[in-house]
Structure formats: C-alpha cells, structure tokens
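Single-structure report; data block below.
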Amino acid sequence: KPEKAHRKWENSDFNFDDVLQGMMALFAVSTFEGWPGLLYRAIDSHAEDVGPIYNYRVVISIFFIIYIIIIAFFMMNIFVGFVIVTFQEQGEQEYKNCELDKNQRQCVEYALKARPLRRYIPKNPYQYKVWYVVNSTYFEYLMFTLILLNTICLAMQVSHT
C-alpha cells in the first residue's frame, strides 16, 4: 500500500525571490558558472510556495539568452576596452611629462618604430630544418587548429551522472 510521505520544498541557492538574490543569480549567469542549472530551475518554476512543473515557463530561456548576449559579451568588451584605453592614455601622459628635448624625443620614437633589417637564419642544418618548419604557414595553421580544438574540448561540459 503506498504511503504519503512528508516533504519540504526548499529554494535553490540562486533564486529570484528578492532583489539581492536576483542580482546574485544574474551575476552567476554573467560569469557562466552554473547558469544552465539556474536556467532549468527558472524554466520549471511555477508560483510561490508551489513545487516546480517540468518545462512550465520555456519562454524564460529567451531572457537568459538575451541577458548573456548583452551583459556577458557586450558589457565585458566595453569594460576591457575602457581599461585598455585608460592604460594607453596614462602611457601617453607619462611620455608627454618626461623631460626630453626634441632630438631625444625623435630618437625614442625612431627606436620604438625600428624593425630588424635581417632575419636570423640558423647555420646548423638541423636547426635550419626546425626553423623552416616552425616559420612555415602550415605550422601556423596547425597550431591554430590545435588551439581551437583545445578550446572546444575545454568548453564542452561533461556530466557524469
């Protein structure tokens, strides 16, 4: 005979019950840490003090996707760009504040723009073969492909449950 067991419904660590908890949940989404679990819990959410219903609010996934695109990618790029521009401006300001005369300033600019005239080519035949392979475009494409495959492998999430 089946028996009725007493059960208790508890919220997950990240929820949208109040503003602070909602901000923490959205921050977790923007860091890409555990956001799929939060997405599935949000999709299954029903009403206050009621347990989840499987795929009750599938439309909420659109919010998560738009949020990730706007916040995680766009805003992060703006922040990184701001940091780079600030560093460049500080470097230019330091360069303008240094006490160099016109001749010294031209010398520094010339040294910064200088490029080597000759390319180093090894004289040892074994070193030359390795140097030739490493400087080839095929090697560059191979390294790019390996880095891309490594990135894809690291990006895949594996669940062992």
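The backbone N, Cα and C atoms fix where each Cβ goes, and this holds for glycine too.
Where the annotation comes from TrEMBL, it is an automatic prediction and has not been curated.
The domain 'Ion transport' annotation in TrEMBL covers 7-94. According to DSSP, the secondary structure content of the domain 'Ion transport' (7-94) in residues is 57 helix, 0 strand, 31 coil.
Taking Cβ pairs closer than 8 Å, the transmembrane segment (54-87) reaches residues 26, 29-30, 32, 35, 39, 42-46 in its own chain, all 6 or more past its ends. Sequence annotations record features per position, and here TrEMBL assigns transmembrane segment to 54-87 (among others).
Beyond its flanks by at least six residues, the transmembrane segment (138-158) meets 36 of its own chain at Cβ-Cβ distances under 8 Å. Look at TrEMBL and you will find 138-158 (among others) tagged as transmembrane segment.
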